[in-house]
Amino acid sequence: MVNFSNKLTKDQIPGWEEYYFNYKMLKGRVNEYTEQTKEGTQYRRRVLKDFSKLLDDEIEKIVLFMIEQQGLIAARLEDLGKRRARLQDIPLLQEITELREDYRSVGLDLVTLLKFVELNANAVRKILKKFDERLGYKFTDYYVRSRSNHPYSQLQQVFRHVGIGAVVGALSRNLSDLEERQGSYLNIYDQHPLAIPKDPIIDLITATADKLTNSTNFLRFLGQHALIAQADSTAGTEDEQHVGEDKYHLMSLVLNLANTFLYMVNTYIVVPTADGYATSLGAAATACGAVIGSMAVAQVFSSVYFSAWSNRSYFRPLLFSSVVLLLGNVMYAMAFDLGSLTILLLGRVLCGMGSARAVNRRYISDCVPPRIRMQASAAFVSASALGMACGPALAGLLQTNFSLYGLTINQITLPGWIMAFGWLVYLIWLWISFQEPDLGPDAKDFYEGSSSSTSTRYMEQEKMEQGFTEHLLPSEQDEEDDNGDEEHNETLSSSTTTLRPASSVASAYTLLTPSVKVQLLIYFMLKYAMEILLAESSVVTGYYFGWDIGTVSVFLAVLGLSVLPVNAIVGTYISNMFEDRQILVASEMALLAGVMLSFKLTVEYTAAQYVCSAVLTFVSAEVVEGVNLSLLSRVMSARLSRGTYNGGLLSTEAGTVARVVADGTITAAGLLAGEGRLLNATLLPALLVCVASIAATLSTYNSLFY
């Protein structure tokens, strides 16, 4: 494995050597400090002070050089602008071509500067990690906290690279103007960003900047929300890109998205009528928690076997999912005429056993080419959100009551019959149109954790995932390069083993850092709060306000429809103004306020109080979910980005367990406290979990560095 010091020297840009981070010198200082502290000749505070000063000097050198180079690029753009102005009246084709090439040359210089920043950022992160490991200090937390949050922060100058955006804008505008001299009187500010003609150099700059730090536009925000592994757009060889194109089949992708949509509709279509169904079978209205939650109980187990099954096939698990969901919905609908609560619950359990969301995620991650994977990830999240909104809305429309061949068709049973018909149509469509991708034996072995696989393709992907997106804090991926500093003869076989996906729950758990554990706790908290709100909505609103099924359905549909606009606002605007960790804490506080506002503390409980608190709780939970999964996709080990026990499965399991616990809480509280005390009895655990998650977030705040 290549020694990082040698790699740093090898990758340096000729003429810029003196401005690079002096990793070799600082590594030597760390070794000196280690020996001195062992001998007792150096005090801890003195070591921290000396090393902080050395780091500050090195980072200042990098920042000042970066600003100097940005100034030179800006001066060149100004000169080119004057040349372009002279061509306005007398456009000469040859001079326009030369000017366009000069603009592209500036763009290439900007790419070079971005690579300079990336290499230095990696060096800073690695020396911080090495310092903590050798001396046993938590110096990284102190350094990041004290430097990144300071108003004169030089770290932020590197991480935010605000001037880069201005240069890209100037290049885009001028290249677009030179390219479109005829037939158009619009400039880039009059057009939608997606409609602007892009020069290849702009795409190269964007790809390099995205590798340096994750961009926070709406599309990427939704993609991270799905927690689907994203490949670097510049990563991989042409052969690898060709393999991705060979696997890709548009109709198969649409079928996976349709499966996601239908499953979310299936989950929430019963919420407005679950209490009425329970009472019609002789149970308490609060048994709606058991009716709704039984599907989540089964999903806890189905997510694991579907994730494992997708190692070998995509068609067969989707086929099995469709059949099981078809049968489950038929049982759900027939339970009314059979007068059996057991049949009702078994039907919902069968529906939960058909949850193929792990397969849908995996298909997008493995079989969709990198060029459109982010769009597919965003479509996955959008399909889930629309399904969540359409479920209750559809239930509100099914207001009828008649018999057909001895079967009762009413607002309680129709959700089951409608979904059974939907899954039957989907099953036929799947059988006719789905195309099974060729996984190949090497991919199967690798994803299943087989020791026989020595594929280097995934090693290269792991290397590309290393870098500035991890920022300064240590991660599992750093072990490779750090070991390279000490052992130069590490073999390819051991390297592949290090990069192999987790092969069991136990091995996946060992990869969970404190930051990842807190992120999963936050995910549990927000899903718990949302499930409490949604699952008991029909009981609470019926008891306090006398709402009918139609009103509850509209209320839940409006909440569901808020998902995409909220994500759009956060992903497009708010995340560009604040750090993700700041948004996370603020939205958790807002969620806590929503839960507190929901309590019935006075004699009169108004619909206005309930609606306002519900909207605040739900919207805050959506913001928390998006930002939390965005952060989770950065801080989790690369080994959790693929395989059976991947990050998507872990987050799904955390959310599903939260739903099970929440539905169980509703049922238990209804039996023990009755409908009159149900609201406060279920909100109290949600309040405690929310407080615990905020405390955990603050305790790991510095590990969530953006």
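Every residue, even glycine, has its Cβ placed from backbone N, Cα and C.
According to Swiss-Prot, the protein has these features:
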type	residues	note
DOMAIN	2-145	domain 'SPX'
TRANSMEM	251-271	transmembrane segment
TRANSMEM	281-301	transmembrane segment
TRANSMEM	318-338	transmembrane segment
TRANSMEM	340-359	transmembrane segment
TRANSMEM	378-398	transmembrane segment
TRANSMEM	414-434	transmembrane segment
REGION	475-498	region 'Disordered'
COMPBIAS	476-488	compositional bias 'Acidic residues'
TRANSMEM	520-540	transmembrane segment
TRANSMEM	554-574	transmembrane segment
TRANSMEM	583-603	transmembrane segment
TRANSMEM	611-631	transmembrane segment
TRANSMEM	678-698	transmembrane segment
Are there three or more C-beta pairs under 8 angstroms joining the transmembrane segment (251-271) and the transmembrane segment (678-698), sequence spacing 6 or more?
-> no
Find the member of 318-338, 340-359, 378-398 that has more C-beta pairs under 8 Å to the transmembrane segment (281-301) than any other listed stretch.
-> 340-359
Is the transmembrane segment (583-603) in contact with the transmembrane segment (414-434), using three or more Cβ pairs under 8 angstroms as the rule and ignoring pairs under 6 apart in sequence?
-> no
Long-range environment of the transmembrane segment (378-398) - Cβ separation under 8 angstroms, sequence gap at least 6 | 218-219, 222-223, 225-226, 228, 256-258, 260-273, 360-361, 364, 411, 414-415, 418, 549-550, 552-557, 559-561, 563-564, 567
Helix, strand, coil: count each for the residues of the domain 'SPX' (2-145), based on DSSP.
-> 120 helix, 0 strand, 24 coil
Which residues of the same chain, at least 6 past either end of the transmembrane segment (520-540), have a Cβ under 8 Å from a Cβ in it?
-> 268, 271-276, 285-286, 288-289, 292-293, 512, 547, 549, 552, 555-556, 559, 584, 588, 591, 595, 598, 610, 614, 617-618, 621, 624-625, 628-629, 632, 650-651, 654-659, 661-663, 665-666, 670, 675, 678-679, 682-683, 685-686, 689-690, 692-693, 696-697
Sequence-distant contacts of the transmembrane segment (251-271), meaning Cβ under 8 Å and at least 6 residues beyond its ends, amount to 277, 291-292, 295, 314, 318, 321-322, 325, 329, 332, 348, 351, 354-357, 359-360, 363-364, 367-368, 376, 379-380, 383-388, 390-392, 394-395, 415, 418-419, 422-423, 426, 429-430, 433-435, 437, 534-535, 537-538, 552, 556, 560
Let me know the model's mean pLDDT on the domain 'SPX' (2-145).
-> 81
